Amino acid sequence: ITHPTYIFLKPLLVEVPFAMAAISSLSLFFKLKFSLILISCVIGVTSAQLSSKFYDKSCPKALTTIRKEVERAVRNESRMGASLLRLHFHDCFVQGCDASVLLDDTANFTGEKNSFPNANSLRGFEVIDNIKSKLEGMCKGVVSCADILAVAARDAVVALGGQKWEVQVGRRDSTTASLDEANSDLPAPFLDLSGLITAFAKKNFTTQELVTLSGGHTIGLVRCRFFRARIYNESNIDPTFAQQMQALCPFEGGDDNLSPFDSTTPFKFDNAFYKNLVQLKGVVHSDQQLFTNNGSGPTNDQVNRYSRNMGNFKKDFADAMFKMSMLTPLTGSNGQIRQNCRLVNPPSTTVS
């Protein structure tokens, strides 16, 4: 631009009288850009501190030990596979993947175990305790409880026929927990689709990833109290299926009666969950929200695709689980390596 009354400031084109304002705007632009770069660097540093080889020297048999103990637990009780997967999910959605979900209440500390979504519901704590005990005997104060949860969830899915994904390790354990966040941030089984989308978006998941991660319900059991309203009151349900479920879950009483999320293959990690949704046989309200019988649901196409292509679902699930396992982990000097996954280390401990 050659006209003497203009100054070219990429990406700004301004008249001379306003040149100082333009320079100020440009300065702000670069400050914002620099801030974004800093944030990206911080995230990158955190990710860089996690590695699939983190324990190769400090505890070389750590991952093998976790896998063997998980496989043993799932052989003893198939349901345990879903319980370990759910433990990891409920950990990561509250404060990030920091093992806060494992902390017991004490006289001076309130954990997350007695939150509405977790109380008398979460299982598998003894399996994690057993793994931790074995690892402490092998490599004292080295392997975090948060890493045990992340690896155990992957190995549990694989043990039931799911696809393996790489787990980056090197997380550290929190010294805090959040009952309030557990009550507010864990998606409830009575949520509509809009509520589910909001809950997952809060953790930086897309609607597509919401549908994918919901496929974890292809394994596991759910209590009557969480699906009673659906089988007695909703129209977006197969009538015969509703009657079958009513026999299991009476209108009054039987709150703790259990039903598989997937009545077809409840202990096999496959795509039957999505086939059930297409047939309007989702057990809980929030699951069936992913597929509506009027054909206009925004997630119907994805559910249909997964119902027809198990390989596609398994791959997407592995990718989404990898992303979830990276939710704000504690690394470096943050947090600690708990000696006991249920308790914060005492102040006098020498464990890092």
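Keep in mind that glycine also has a Cβ here, set from the backbone N, Cα and C atoms.
Any TrEMBL annotation is an automated prediction that lacks curation.
Disulfide pairing as given by TrEMBL: among Cys139, Cys145, Cys224, Cys341 connects to Cys145.
Between Cys59 and the candidates Cys139, Cys224, Cys249, TrEMBL records a disulfide bond only with Cys139.
Using Cys145 (disulfide bond) as the reference Cα, a 10 A cut-off selects Asp98, Ser100 from the recorded positions His90, Asp98, Ser100, His217.
Around Glu112 (Ca(2+) 1 binding site), the same-chain residues at least 6 positions away in sequence with a Cβ under 8 Å from its Cβ are His90, Val94, Ser100, Val101, Leu103, Asn118, Ala177, Ser178, Leu179, Glu181, Ala182.
His217 (heme b binding site) sits 7 Å from Asp262 (Ca(2+) 2 binding site), taking the C-alpha atoms as the reference points.
In this structure, the binding-site residues Gly96, Pro187 were compared by how many other Cβ atoms lie within 10 Å of their Cβ, and the smallest count belongs to Gly96. The binding-site residues examined here are Asp91, Asp98, Asp262, Asp270; by Cβ neighbour count within 10 Å, the least packed of them is Asp270. Cβ neighbour count within 10 Å across all protein chains ranks Cys145 highest among the disulfide-bonded residues Cys97, Cys145, Cys341. Closest in space to Cys341 (disulfide bond), of the recorded positions given as Cys59, Asp91, Cys92, Cys249, is Asp91, taking the CA atom of each residue.
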